[in-house]
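This report concerns only the one structure given below.
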Amino acid sequence: MAAAAPARKIALLRVLGPGHVWALGVGIVLVGEFMGWNFAVGKGGPVAALTACWLAGILYTCVAMIDSEITSTVAAAGGQYAQAKHIIGPLAAFNVGLYLVMAYTMLEVSNAIVTGDLLEAFMANLGVPGTVDKRAFMVLTIVALAFLNYRGVLASLTMNLLITAAAFAAIVVLFVATQPWAPGAVLRHDALLVGLPYGSLGILAAMHFGLWFYLGIEGTTQAAEEVRSPARALPLGTMTGMMTLLIAATATWYVCSGLMPWEYLGQAVTPLYDAGRLTGNRWLEVFLFFGTLFATVASANGCINDASRAWFAMGRDRYMPAWFGAVHPIYHTPYRAIVFFVPVAILFAVSTPLDQTITFSILSGLLGYTLMALSIILFRRKWPLGTIQRGYVHPLHPLPCLLLLLLCSVTYLAVFLGYGTQLVAMMSFYIIASAWFVLHRYKYVRRGDQFTMHWPKPRGY
């Protein structure tokens, strides 16, 4: 009798390049230029929002540099979860995994809400009779993008690459159309740009939503098992993505603050689309509508990709039920993790206000960034330069991690001042989840399988 053929291992496919990594990171974040960031204007005025934008830019540049170094070495699905598992320990890894899933799921929900609001406003502007139920568009967005992710990562992130480029082009076109080289021709900063209406405290308050300009750029690491060359593609895609976002964020603030009174800008749902309308150019308005739509779709699509990879990695390591660690035999996607979060996202989208979902996403991200700073300190201490091969080495260590810890602390205070109840609720949730993991779930974890990298023993072991 012939010997049975060995079973073929079903795994994620390495099909992505640096462009896909750029599209994943920028695609998730660019929606922050189209909505959400402007709540920082309402908190402290336009000057405070710009200050928060640049401070948050420093914070996320530190995140991108630290992330690029560790992930170019720990090239595994789950991103920061896999990093914490190898460098800090199981409890930190469990919490980081939850932070990632919550941050990306709430960001996906925020995108679905904005998609519904945008289509409702656009239909009203076109004079379409009757009322449009925006909840139907929210549900359709979530289900359609989940199906696309279910069918394969190459198709979903190639789509992200195209529509993210189109959304970025919309920002550039709007910036050029407002003639920034001719002050007063279109933009009226002299009349609309006030100082600090709430004093210097407004800068602190604005830090809360200033993060929205860049929230999610660290999601590039979730593609670590699906890029052809992690050591090259992840640092290159992440750092070029961060530079793209810094340019887009500053241009967005400049245009919007010169077209709208800060009192209106601070509470607008779709500020860039409104800016396009205020130019009086019908074609530009339509272009900004599609730019906003593309940005929200690209972000939601990337969030589904990242949340599912983090949940899949936790299931594969038995931090969550092993059932979630399955890969589709045909499409090579973590299909159970993708499907699981569809009803969760729909429930939050139809029942939770936009500023609340943004806050939940920001808080979860902040907690992850705090542990990221600790990770790089331990990483450099346990495996100093020269002991293992790194695809990228970030400069000026330990300055970036110290800056990151400082700016995270400032933002925690800002969130506490404006959304103290939500901060306490989120911290309570993670404490209860940690207790559940220690007392119940950890006994299912295969401890001997946790360390998968071929590294020497850490210094001091």
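Yeah, the Cβs are placed from backbone N, Cα and C, and that goes for glycine too.
Please treat TrEMBL annotations as automatic predictions, because they have not gone through curation.
Over in TrEMBL, the protein carries these features:
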TRANSMEM  21-41  transmembrane segment
DOMAIN    27-432  domain 'Amino acid permease/ SLC12A'
TRANSMEM  47-66  transmembrane segment
TRANSMEM  87-107  transmembrane segment
TRANSMEM  136-154  transmembrane segment
TRANSMEM  161-182  transmembrane segment
TRANSMEM  194-215  transmembrane segment
TRANSMEM  236-255  transmembrane segment
TRANSMEM  286-312  transmembrane segment
TRANSMEM  333-352  transmembrane segment
TRANSMEM  358-379  transmembrane segment
TRANSMEM  399-417  transmembrane segment
TRANSMEM  423-439  transmembrane segment
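This prediction places the mean pLDDT of the domain 'Amino acid permease/ SLC12A' (27-432) at 91. Below 8 angstroms of C-beta separation, residues 29, 32-33, 36-41, 43-49, 51-53, 55-57, 59-60, 103, 107, 242, 245, 249, 252, 262, 358-359, 361-362, 365-366, 407, 410-411, 413-415, 417-419 of the same chain, each at least six residues beyond the ends of the transmembrane segment (194-215), sit close to that stretch.
Counting C-beta pairs under 8 angstroms (sequence separation of 6 or more), the transmembrane segment (399-417) reaches the transmembrane segment (47-66) with 3 or more such pairs. The transmembrane segment (161-182) and the transmembrane segment (21-41) are in contact, since at least 3 Cβ pairs between them lie under 8 Å (pairs 6 or more apart in sequence).
Stretch with the largest number of CB pairs closer than 8 A to the transmembrane segment (236-255), among 21-41, 87-107, 286-312, 333-352, 358-379: 21-41. Under the criterion of 3 or more C-beta pairs below 8 Å, with sequence separation of 6 or more, the transmembrane segment (21-41) and the transmembrane segment (286-312) qualify as touching. With a threshold of 8 Å between CB atoms, the same-chain residues lying at least 6 positions outside the transmembrane segment (358-379) that come near it are 36, 39, 59, 62-63, 66-67, 69-70, 80, 83-84, 87-88, 92, 95-96, 98-100, 102-104, 106-107, 110, 208-209, 211-212, 215-216, 218, 394, 397-398, 400-402, 404-405, 408, 411-412, 415, 419, 422-423, 426, 430. Counting residues 6+ beyond its ends, the transmembrane segment (87-107) has Cβ neighbours under 8 Å at 28, 70, 74, 78-81, 215-216, 219, 222, 299-300, 303-304, 306-307, 310-311, 313-314, 319-320, 341, 344-345, 348, 357-358, 360-362, 364-365, 367-368, 371, 374-375, 378-379, 382, 430, 433-434, 437-438, 441-442, 445, 447, 450 in the same chain.
Among residues of the same chain six or more beyond the transmembrane segment (286-312), those with a C-beta under 8 A of the stretch's C-beta atoms are 23-25, 27-31, 33-35, 77-79, 81, 97, 100-101, 104-105, 107-108, 111-112, 114-115, 118-119, 122, 141-142, 145-146, 148-149, 153, 156-157, 159-160, 163-164, 166-167, 169-171, 173-174, 216, 219, 222-223, 225, 270, 272-273, 275-277, 320, 324-325, 327, 333-334, 336-338, 340-341.
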